[in-house]
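Engineer: After the structure tokens below, expect a handful of questions from me.
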Ligand code: ASP
């Protein structure tokens, strides 16, 4: 028996028991005649005491050799501490050690195993197994476990069953590049790792499974800006014989269950917003609705004066930043520089201070009088004391820019409270999206998404206007889930593929199996997937998903601990019939 108790377990009620503990040396303090050691395991820290008078001499000598992160086993008696430590649950007691075994020595760790470590991100990732010993990472992993258990509990209670689907598959388009795996037994042929189990879960519906879920790894070879990982985890779900409303209700139920069980928060029915409204009002299809600063479009009131910048713009749009009229000239200049950074890309920013006395002072006073500016205030909902920030340009671009500014201002004003949760359904997404570079349409969600009833004719005339039975669940400005009602009819699916630019042969080669299946009694079905990493991070009140992943990759998709990806040797290449051309 390595241990009778964990390092987080012993209390005053255990005093005078003999116990055996095992764990890591957090730190040791050697006072000459007395040595204290903090012994740590996943459950906590217990103080050990070695005393020249009361501890056997050989044990006392051995205790002097202990270094940080040594793995040890001790036996001793629980005694009451003289100086109690109210900060830790075991702080009333200590162990007067009688036996000590060094199970394994340790090199000096390259960073301190403390909550506030001296180790930077890179070094922590290289020695992630040491990082995991730290509370912030350890607790994040435990937190993730709790969330996934609640997901499984809830979905099982709703009669979903978890089914595994293969990882070695054929491309499933989710808008990213595939990771491919060469097949040794099938020379010159490759599997693709799933970007999601999309087609398989649809086939499970054809197979009559009715309600499926899976907590599953997905793989997307995309640029890793914005806190993404090349492999990430989804809570992937599908249901048969459902309409959009059924799906929204079930997964609203799941989300509410998680908020209740994990955060102790009751949320009202989730609001719903159309994609068009979200874009117009927040410049974004995943609006953070914990705060206002809604967009006010100003074309009506700002154009046809002598200000050419606005006259020539497709959209003039502003937000009222609460209380920011007090910004100094310098602060405003900085803000203008901020929107002009290449990441945001605005050409400039017009501002209006709505002074407490009801007057306006703007950067375009030459072109607009007080009456004009009062109209801007009305459109943006500005109140005295607010600063109206106005951008102009091509609609899509300017909306994205103002959305970024809105989020930045909210951040600066402390309006993004991580302990406040504002879920939202965004519905009625467009079916197709125009790729401005190639001029081709591609599926906004994925090619298996059904158009809204009665919109089929529009596909030929106004493809951009066709709306889909597609929806996203947004939480605090993050898309945490998305899905759709699927096409379940072969002809319809063929029409979709055609509009997405697949020839009949290409569609057959890539998705023939699905179209075939649709001929054997495919039920109406739909589903969605949650991004588990992000969901857990948001519930955990963190901005980055990395600490909730045991072994994450860095921004270049590298695992710096195991040093992957890496070249493979010639022998292996030969076996795979692969020649490199670099
Ligand atoms: N497969 C989709 C995705 O990964 C989710 C869905 O439509 O269910 O985004």
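Keep in mind that glycine also has a Cβ here, set from the backbone N, Cα and C atoms.
Here's the feature list from TrEMBL:
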- 144-552: domain 'Aminoacyl-transfer RNA synthetases class-II family profile' (DOMAIN)
- 174, 220, 445, 486: L-aspartate binding site (BINDING)
- 198-201: region 'Aspartate' (REGION)
- 220, 221, 222, 229, 479, 531, 532, 533, 534: ATP binding site (BINDING)
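Mind running through what each feature is packed against?
Structural biologist: Averaged across the domain 'Aminoacyl-transfer RNA synthetases class-II family profile' (144-552), pLDDT in this predicted model comes to 95.
All chains included, 20 other C-beta atoms sit within 10 angstroms of the C-beta of residue 220 (L-aspartate binding site).
For the region 'Aspartate' (198-201), the residues of the chain that approach it from at least six positions outside its boundaries are 165-166, 169, 172, 174, 212, 214, 236-238, 446, 448, 511, 513-514, 527, judged by C-beta separation under 8 angstroms.
Of all the Cβ atoms in the protein chains shown, 26 others lie within 10 Å of the Cβ of residue 532 (ATP binding site).
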Engineer: What binding-site residues in 174, 222, 479, 534 place CB under 6 Å from ligand 1?
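Structural biologist: Checking each Cβ against ligand 1, the ones under 6 Å are 174.
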Engineer: Let me know the most crowded of the binding-site residues, choosing from 174, 222, 479 and counting other Cβ atoms within 10 Å.
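Structural biologist: Compared across 174, 222, 479, the most Cβ atoms within 10 Å surround 174.
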Engineer: Rounded to the nearest Å, what's the C-alpha distance separating residue 220 (L-aspartate binding site) and residue 534 (ATP binding site)? Just drop the number here, would you?
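Structural biologist: Between the alpha carbons of residue 220 (L-aspartate binding site) and residue 534 (ATP binding site) there are 16 Å.
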Engineer: Using all protein chains shown, find which of the binding-site residues 445, 486, 534 scores highest when you count other CB atoms within 10 A of its CB.
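Structural biologist: The largest 10 Å Cβ neighbour count belongs to 486.
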Engineer: When the Cα of residue 174 (L-aspartate binding site) is compared with the Cα of each of the binding-site residues 222, 479, 532, 534, which one is closest?
Structural biologist: 222
Engineer: Sort the binding-site residues 222, 532, 534 by C-alpha distance from residue 445 (L-aspartate binding site) and give me just the closest.
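Structural biologist: Closest by Cα distance to residue 445 (L-aspartate binding site) among the binding-site residues 222, 532, 534: 222.
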